[in-house]
Amino acid sequence: MMDTKVDQTIQPKFYVDKKLSKSFDNKLDEDIFNYPFKKESFLKSEKFSFEHTKDSLWKCIKEKAKKKSDMEYFNCVNNLCCKFICTIRKYVKYFLYLKDSSYEIYNINLYNNNNMNIINNKNITNNKNITNNINNSFSNDYINYNHNYNHLNNSSSSKHNNYNVNNIDEKNIKNDYNTYHNIYEQIFFKYNPSFYEYLMFTLMKKLIHYKNYIFNKTKKINNSYNNNDIKNIDGFLIFQNINFEEIFLNTFYSSFPFKLFLHSLYMIFICFIYFVVLYFMLLKKIYTHPFIFHLSVLKFLFDIIFFLSFILYPLFLRLKRIDKIIYSSYISSYIFVCVTFLYSFIIFKCSSYSVKMNSNTYQNNFVFQNMLFLLINIIYICIFCFLKNYMILYSFLYNCRFSIFCILFIFLYYYLFFSLDFYRIIHLPLDNFFFPFLCFLFFSFLFIFKIIMSLYYEYVYEKKYRILFVKKNNLIEKRITKRKNTNINNAYFTKYFSIDNTIPTSPIEDILNNFKHILETINIIEENPNHNLTTNIMKIKEKIKNCDNILRTKNINQVQIGKYRKFEKVYNIWCLDKMYLNYPLNQEETKSFLSNSLNRISFNSFSNMHSLLSSKFQEHYNDIYDWNGNIENIYKANTFISIGYKLLYPLGVLEANFDKEKLKKFLFRICSYYNDIPYHTSLHAAQVAHFSKSMLFMLDMNHKISAIDEFCLHISSLCHDTGHPGLNNYFLINSENNLALTYNDNSVLENYHCSLLFKTLKNPNYNIFEHYPYHIFISCKKNIIKAILSTDMKNHFEYISDFRTSKEFIDYDNLSNDQIWQIFCLILKASDIGHSTLEWNKHLEWTLKINEEFYLQGLLEKSLNIQNSFLCDINTMNKLALSQIDFLKHLCIPLFNELNYICKNNDVYTHCIQPIENNIERWESHKNDNQNLGLHEKYKEENLLSKLELIKFE
């Protein structure tokens, strides 16, 4: 009885709490509410208070729901049967929505004016039902023209003086149009027409309706867009902006592999018909030689294998680049047409030597049979080209070239026929030859006309969606305030990544995004109040409810990695150095860089003086700081000392009593802290410093910031890994190292690097800030610590999210101190992983170094009986490739995309993002490479415990 009362009290309260709290996102097992709380552990505790019961229930539900969710995920990912079923479902879905879902455009109404809304409501829905319209909704055009000719003339003449043709209401015309056709159709069928008359009647209906549909649709589309949208597209429907073209193809034609799959299925069916009709009904009666049979079978097998390869090609190779699939598809299509023509040529050539000239009747029949053979091959090629244009609808330029190529080969068939059969044709009576040849020309030109019509249909279809794409992107650019000469697409799209849909977001960012959607929906309602008013109001309510739920989150600035399953694994491996972790650790909110008591007037005057003078020095070093420059060749001596002196001296010398000898001593001292380990060496620090300076030039910030800020950035980059032992934070925490105990397991190594730096600066022999004002030094110290701590990968997505929430409100020509150092943190983080942007050989070299360092840590973990980290046992190329693909896609590209948002001249995309994408492709090619990296043999007798002595802890 007691249990029942407790249940009745708790269950309604728990339902309310669950609706208000969204902290647990996994599926819940609702069956648990049917159980009374009679668990032994609960009863023994003798605590029947409401809160303890609620906690027990919540814990129980979380455990069971997590197990259920993990089991479902395991089945979906690892079960081959489920994979097969999912694949079949996906293709069935594509088949049902081939014409509308394949070219889905998000938020079309958001970017269209009233004219464009007409297109969305009519043309796009018509596109979905085009097949039904052609078969079921024709309006009896042909009959209407005959029966109601006088009536139409009278009505038009009576209104000619009062109305312009363009001002006539379309709905009235359409209603009259359908009425006339329905009346005539009833009269027509009363007279019991013959089958031939009925066939011609249906054919003319379809042809006229098809013609009206295409040309009316083209006229509406051309009248709906202004000239500015069309100017961005050339005559062959290619964007003048190269980035637009690539983004458009990868975004709106992602279903191309399936359409190729469907086209190949149709063609396999047509191949069977082609072979049966051609050989068993024609060639077998003409030729008795076995060579013809073998040749026909060989051609049939070639066609089957050809089309079957494009069914298996997208399924098994799993290529993610559409341009590779389309290129191979169209190149092979040319080969297919050439092989078909070659087959026809061989058959004709054989016929010229196998037919006797003394039998006129036999020769006459043979010429007609050759003509029929030629016509079948022409139809076969035309059907192949027609289906390719009409079904795939990929690129008008590609299909236009291929269609012209097919038409040229059709005329080659004519030449082939007249050249090889000329001596037979001249002996034929004109009366016997003329009519068959006329039929031959009619059917061949009919199919050529179908190719041209399919090409025109594709042109209209693709032009509409390209213009909508331009319209959408132009309006997105207008909404970005205080941004001049910025290409918004470069900031948001890459070949492998779309930031708006992929990167994990923080709750505060979700709130801002919901508010943006609310404002956009309000704008839609203001522009067109009568269009989907109820739906738009429901959207606003839903977004407000989402904001209300998000505001109940404990820390709205923390990125909820656990909500993104594909990011959770990568985050745990690369950012937390762990394979399994359910929830990210809570982080304290970052505080302001500058103290409120700081004398900003004196600071700004000091900074501006440095900025004006330092610009003179910086102009001499623009060429040296190329992003892809080889620093080992540029600085042939001690690279770290050379690049450090080159970066710091022109900025530090602006201070009156700056001591360059003390700067050299400081650099030598910091360099001595770097250990002889594979990756985190002084060369890595020099590379990061070079990257940070180069990034300032690419972002055009070198003349907008003070010299003291740049001075601190370069010190941060040179010292960000000083004293690194070649072990990560996870190892130091698990081994309870003194460093982890000192810094309370919080950014252990990063705090250690800061500590070494400022302990060095405390020594008068190395204090390069000795003559700086004290409040300037305090500010510099805070900024340097902030920058070095940002290199902890645990907070990687938090830094990206913080910038994303504020980037649209930043005036990049007049940056505040906080904004400068927010960008500097991103620059230092990007420079720290900058080896991902190098060309393949250099990138591979640095990757092997970091993997070697991880491997050594794994050996040390085994010797100390510590749980082995995930990245510390990679000894083959395929495992390394898998880890690097995730690292480059999910960690590197999002960060460089944010920097590309600031860049005005596309340099970040060219020098950073494109090389990363190229490196991803190279790693993709090594996914099946089982090459041994040789680390086990190299470190078989390594003294691993000596690595612990590398930590210079005092």
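Along the chain as shown, the residues are counted starting at 1.
For all residues, glycine too, the Cβ spot is worked out from N, Cα and C.
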Inset, instruction - Answer with yes or no whether Swiss-Prot records F258 and Y398 within the same membrane-side topological domain. - result: yes
Legend entry - Same-site Zn(2+) binder from H684, H690, H796, given that Swiss-Prot records H720, D721, D832: H684
Legend entry - Long-range Cβ environment of D832 (3',5'-cyclic GMP binding site), under 8 Å and at least 6 residues apart: V688, H720, T791
Legend entry - Spatial neighbours of H684 (3',5'-cyclic GMP binding site) that are distant in sequence (at least 6 apart) but have CB under 8 A: D721
Legend entry - Other CB atoms within 10 A, centred on S682 (3',5'-cyclic GMP binding site): 24
Inset, instruction - Looking at 3',5'-cyclic GMP and its recorded binding residues H680, T681, S682, L683, H684, D721, D832, Q884, figure out the farthest C-alpha pair and report it in angstrom, whole number. - result: 23
Inset, instruction - Please state whether DSSP places D721 (3',5'-cyclic GMP binding site) in a helix, a strand or coil. - result: coil
Legend entry - Local Cβ density at T681 (3',5'-cyclic GMP binding site) - other Cβ atoms counted within 10 Å: 21
Legend entry - Close in space, distant in sequence - Q884 (3',5'-cyclic GMP binding site), Cβ under 8 Å, 6 or more apart: T847, N919, W923
